[in-house]
């Protein structure tokens, strides 16, 4: 018994060579937990957005084969945006205080449900219900997992962001590849039902329960902010602190976030104004690419830019995100004038601009949430991350209100 109580040491000939063995297994355990959490959050980001990207592409394909009057793109856009917007508006009002595990289960079930509805759909209504479920899954997942980063080392924000960026690129490529290989949109969707299962496995089996011993990965890691969430449902009901924030505290935190929320809203407004309103109108006849192929290249280059910049936090950190908003608005103005006047001589210049657009959007996302994690206090961080989630969806919603009517107007002029 006395041997167990003593400090474990390796005996040597001289006292100066004695080595404390206790920290070594702890260091190995900490490094193992660090990598499990890094991979876990990357997979959560990938799966959360991957299902959404694939399902939305499939919904467009299936709707195009269903004989229905009128253009369904507006309905798809509304079914895509509104559920996520509602969920993110509810986040600061108390959604972030709900237990994490039920939220993750709901997100995974909705993702799987969206695949099944779209795959077996025989009507526009059922297909749109699939889009709604995918939107619920994506919005609830983003609010949940970004809030969860408040209890882990800040390095997981970069992993989550990189995973979400990879989802756009890998999701589009996998869906395109499988359909080009001969699978129907329905069978392609069914083949990807493993993605929601991977999301649930990443959360329940891969993530470690955060605790004071977790390595920060940075010199200024916030160990005091971490509490067990996944394996302790009693703590999970009030994950951030012993009691929820008062309305006055929430309002104070929200006002402090505005200098990050507003630039991110502007970035996404300009970004999706370009994607929704201008991509189809940036058509070059002096190239071997068809109109549809040019559009696919625009989408692919945009997603590649987003993935690269959302994975760049270790290489490049940007404090003043308003600069990114200004540059994105200049991108919008430049391309809008080109749609009107057609002054750009080559599609390759547009390729570069669209790649730059994706780089700006991804950089704004990852740096915004990293800066918020740096500047908020431990007891406010979970609420702040959940609240800032509204930024991208709000920008996308506002751009949809203006971009689609402008697109139709410009089409009438051409």
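Using the three backbone atoms N, Cα and C, a Cβ is placed for every residue, glycine included.
Annotations in TrEMBL come from automatic prediction, not curation.
Copied over from TrEMBL, here are the features:
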REGION    1-28  region 'Disordered'
TRANSMEM  39-63  transmembrane segment
TRANSMEM  75-98  transmembrane segment
TRANSMEM  104-121  transmembrane segment
TRANSMEM  155-176  transmembrane segment
TRANSMEM  188-206  transmembrane segment
TRANSMEM  257-274  transmembrane segment
TRANSMEM  322-341  transmembrane segment
TRANSMEM  347-366  transmembrane segment
Are there at least 3 C-beta pairs under 8 angstroms linking the transmembrane segment (39-63) and the transmembrane segment (104-121), leaving out pairs fewer than 6 apart in sequence?
yes
Any contact between the transmembrane segment (39-63) and the transmembrane segment (322-341)? By contact I mean 3+ C-beta pairs closer than 8 Å, pairs at least 6 apart along the chain.
no
In contact by Cβ distance (the transmembrane segment (322-341), the transmembrane segment (155-176); 3 or more pairs under 8 Å):
no
Within the same chain, where does the transmembrane segment (347-366) have neighbours whose Cβ lies under 8 angstroms from its own Cβ atoms, ignoring anything closer than 6 residues to its ends? I mean 6 or more beyond.
157-158, 161-162, 164-165, 263-264, 267-268, 271, 274, 282, 284, 287, 289, 294, 297-298, 301-313, 316, 318, 321, 324-325, 327-328, 331, 334-335, 338, 392
